[in-house]
Each structure stands twice: as C-alpha cells, then as structure tokens.
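Database features, via Swiss-Prot:
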ACT_SITE  LYS78  active site, charge relay system
ACT_SITE  SER158  active site, charge relay system
ACT_SITE  SER182  active site, acyl-ester intermediate
Amino acid sequence: MTELNKLSVADSLKGLKNKEFTSKELVNAHIKQIEKHKNLNAYVTETFDLALKQAEEADQSYAKNHSRTLEGIPFAAKDLFCTKGIRTTACSNILREFIPNYESGVTQNIFNKGGVMLGKTNMDEFAMGSANITSCFGNVISPWKALDDGADLVPGGSSGGSAAAVSGFMATAALGSDTGGSVRQPASFTGLVGFKPTYGRCSRYGMVSFASSLDQAGIFTRSVLDSSIMLEAMIGFDERDSTSIKMEVPQLQPAIGSSIKGMKIGVPLSLGEGGIIEPDIMKMWHSTIELLKDAGAEIIDISLPHAKYGVAVYYVIAPAEASSNLSRYDGVRYGLRVEKENMSLDEMYEITRSSGFGDEVKRRIMIGTYVLSSSFMDAYYLKAQKVRRLVADDFNNAFAKVDAILLPSAPTEAFRIGEKQNDPTIMYLNDLFTIPASLAGLPCVSVPAGLSNRGLPLGMQVICKQLDEYNVLRVASAIEAGVKHIKFEPVGF
C-alpha cells in the first residue's frame with residue numbers, strides 16, 4: 001500500500017470514504033513527514049493539535065456517512081492567509097507575533113468543506129521574492145536535488161514553503177498566493193501543479209496584501225485532478241472583498257481527461273528568442289507542442305507583442321500598490337512597535353519600520369513611493385497602467401483566435417540558494433513568463449512537463465481567457481497524461 005502521506009487528494013478521499021484508513025491516521029502520517037524534514041524549513045507555524053482535532057471530527061462524519069467534499073484532507077496554508085487564533089506573520093518581523101481574530105475567506109471555505117490544517121508555510125516576506133530567501137524565519141530548501149550536484153536549491157517564491165511541503169509529501173495540498181507568478185514559478189521548480197484562478201474568483205478577504213490589483217489565492221497539488229477538487233472548494237463570492245466575482249462555483253472536475261481534439265492552442269514562440277530561455281526548457285516547450293498535436297489540438301503561432309514589457313510594468317505597479325498597502329504597519333495599531341525613551345512619533349515610525357521590514361520589502365516600498373511621487377507619477381505609474389492595458393489587449397486579441405495559450409512557467413530550472421541573491425534584476429526576470437497573465441487577471445496553471453538534463457522538474461504554463469478555468473484544466477490534464485511516464489518525485493522522499 002502507498003504511504004498515506006503520498007496519496008493524492010482524490011485517492012485520500014476515496015480511501016477515507018471506503019474506511020481503508022482514518023483521517024487521524026492520514027494526519028499522523030503527514031506530521032511524521034514534517035518532523036522528519038524540518039531542515040527544509042517549509043513550515044513556520046505547526047497546528048498539529050488543531051489538525052488532530054479536525055481529523056477526529058472528520059472521522060465522526062465518515063462514520064455517520066455525512067462527509068463533505070474535503071472531509072479529513074490535510075492541507076497547509078501560506079502564512080499570509082489570516083487564521084483565527086493562529087499566528088499569521090507574512091514572514092515579516094513587523095507581524096512576527098500577530099494573531100488575527102478573524103478567518104480569511106479562502107481558509108474558511110476549505111474548513112467549511114472539511115479540510116484539516118497542518119500549519120502555516122514559509123514564504124518570502126510579504127510575498128516579495130522569487131526564491132523564498134527573504135523570510136524572517138530563514139530560507140526554504142527545495143526537496144529536489146540535481147543529479148550532478150548535491151547543492152541546496154531554492155523552491156521558488158514567494159510561496160516556496162507551500163511548494164516544498166507538497167513536493168516533499170508534508171501536505172496533500174497547500175494554499176499559495178500568486179501576484180506575479182508566486183504559485184506557478186515554485187510549482188515549476190518543484191514538479192507540482194500550481195494553479196492561479198481568474199482575478200476575483202477567490203476571496204482576498206483576510207489575505208495580507210501585497211499588490212491589491214494583482215493578488216490572488218492559488219493552490220499547489222501533485223495532480224491536475226487534485227487541483228480541480230481544491231479549486232471547487234476555494235472559489236466563491238465573498239461580499240467582504242470588493243473585487244470578488246459574484247458567480248456560481250463552476251464544476252471543474254469534469255475537465256479532467258476531457259478530449260482536447262479540435263482545441264486551438266496559441267504558442268508565442270517569439271517570446272523565447274534572444275537566449276533568455278535555457279535549452280532544456282525550449283526543448284520541453286517544443287515537445288509539449290507535439291504532445292498536444294498528438295492529442296488532437298491545433299497549434300497556432302500567435303504574437304503577444306507587449307508581453308516583453310511585463311516585468312518592467314509589474315515592477316512599477318506592484319511596488320506602488322505595496323507602498324500604499326504597507327503604510328498601515330506603523331507600530332501604532334498592530335504588529336511590531338519599537339520604542340525608546342523620549343522618542344517622538346516620527347522617530348517611532350522610522351525605527352519600527354526600519355526594524356520590522358527586510359531589505360527587499362524596503363526596496364520595493366522605496367520604488368513604489370518614488371513612482372507615486374508627484375514628479376514621476378505620469379512618467380512611471382500612469383504609463384505602466386497604460387502598458388498593462390496593452391498587455392491585456394494582446395491576450396484578448398489572441399483569445400479571439402485560440403482557446404488557450406502555451407508558455408513555459410519559468411525561463412530556468414531551480415537554481416542554487418544564494419546564486420542570484422545579489423542581483424535583484426536577474427531575480428525579477430524569473431517571473432518573465434508568469435507576469436503577463438497576472439497583469440491581465442487570467443486563469444493559468446503550471447503543470448510538470450519534463451525534466452532537465454540535471455534531473456530537475458520543468459513546468460509548462462497554460463493560460464485561458466477570464467473565468468475559463470475549465471479549459472485551463474482540460475489542457476493541463478492532456479499535458480499530464482502525455483508525460484505520465486515521468487516520475488515527478490524528489491529522491492529520498
């Protein structure tokens with residue numbers, strides 16, 4: 001029998017319903033795995049007592065044949081989803097001891113469906129990063145190692161703890177957030193399915209804000225079917241979130257295994273020119289194209305002419321929104337407060353924010369404040385918003401001709417911890433292929449599609465028009481079926 005912590009969400013639900021094992025046994029198997037691999041630093045707060053209590057309640061529900069859609073399934077939550085009575089830090093010193101008195105919309109939805117929370121996962125501070133190295137709790141180590149090198153690798157960011165937890169079999173699924181690629185890029189680096197829904201599909205209520213017009217909850221799983229199951233539980237209108245879309249929750253599981261014959265899939269190969277993509281990833285892109293052709297899809301060459309400006313646009317808009325959102329952390333209302341004798345209010349603000357924020361967060365606050373200043377707002381912020389509209393228009397034009405778009409999730413495989421740390425611009429380019437869809441608010445997924453020559457996982461990204469999560473899953477399922485001979489599992493786990 002497969003180890004319980006290695007079961008998928010779907011297989012776990014099946015086993016629980018058939019009384020093959022209990023939720024408590026399932027949770028204990030995950031706790032054992034978490035304890036075994038603490039060196040990866042995937043979790044910052046463990047909630048084992050809560051998980052065991054929820055598991056007992058789940059087992060009682062199964063005994064009475066009254067189970068809900070996620071009854072007894074162990075999951076983890078990125079530490080920017082507020083959890084009532086449980087520390088929520090966004091991995092920043094300024095919120096290190098913050099305990100919210102309310103529950104985020106997404107975690108509440110999962111609890112309402114019977115989910116069991118194992119803990120809160122590590123992340124880049126305030127979700128600002130691409131390697132999970134800016135956390136106040138230290139960096140996360142990927143469960144993966146290259147075949148030719150035993151060096152520790154990054155799991156990607158900012159949702160690196162969630163990616164490491166699911167990849168290392170320390171959670172069946174894990175919540176992440178995706179602002180410019182923070183679910184899809186880590187999923188690519190760790191061999192997972194990482195899904196970002198349409199902007200507004202999932203409630204942002206109770207999510208610690210980074211960039212409000214871009215932030216969206218996402219999910220890490222080890223299969224496309226699991227992704228559809230979790231999404232159906234997460235999605236839903238929330239009147240407490242002004243950006244929440246008021247629509248019925250779609251039925252997504254029927255997309256799995258559905259034929260893609262006759263689907264038109266757009267491929268913007270011109271985005272791969274100029275040597276920015278590693279050869280292994282270019283090879284995977286072409287092999288995935290052939291795989292989809294064999295499955296009956298029609299491949300169409302398309303152009304996204306403004307996508308190349310995505311990174312520049314993002315690093316104006318996101319820091320601008322962050323500088324506004326993070327102004328609330330002033331040492332007065334909640335969070336860290338640093339005081340000294342005879343200190344003025346201005347000095348308290350300065351010392352608190354200097355002590356509470358890390359270097360990357362300070363960098364982005366300063367960039368954001370600069371581009372919003374009266375002297376430069378027209379030149380940077382307003383111009384960036386105009387180009388953002390052009391990026392979205394490119395996608396709209398493409399979707400007039402195609403049903404889905406195929407792109408790599410990242411231009412590189414996972415890299416060594418510390419390798420790109422001293423050059424922020426190189427780090428920012430990791431989100432080259434994920435940012436455009438975020439700027440347009442589109443649903444997208446990273447699905448494992450190959451291994452590099454060094455044995456590291458590589459992800460392909462599927463993007464569809466707004467609210468078309470169904471076809472995203474449909475194409476992702478076809479890719480998954482085409483590479484089922486590849487084992488996306490780190491050695492030793």
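Backbone N, Cα and C define each Cβ position, glycine as well.
Close to SER182 (active site, acyl-ester intermediate) in the fold, though at least 6 residues off in sequence, lie ASP124, ALA127, SER130, GLY157, SER158, SER159, GLY176, GLY218, each with a CB less than 8 Å from its CB. Every protein chain shown contributes to the tally, and the Cβ of SER158 (active site, charge relay system) ends up with 34 other Cβ atoms within 10 Å. Every protein chain considered, the tally of other Cβ atoms within 10 Å of the Cβ of LYS78 (active site, charge relay system) stands at 33.
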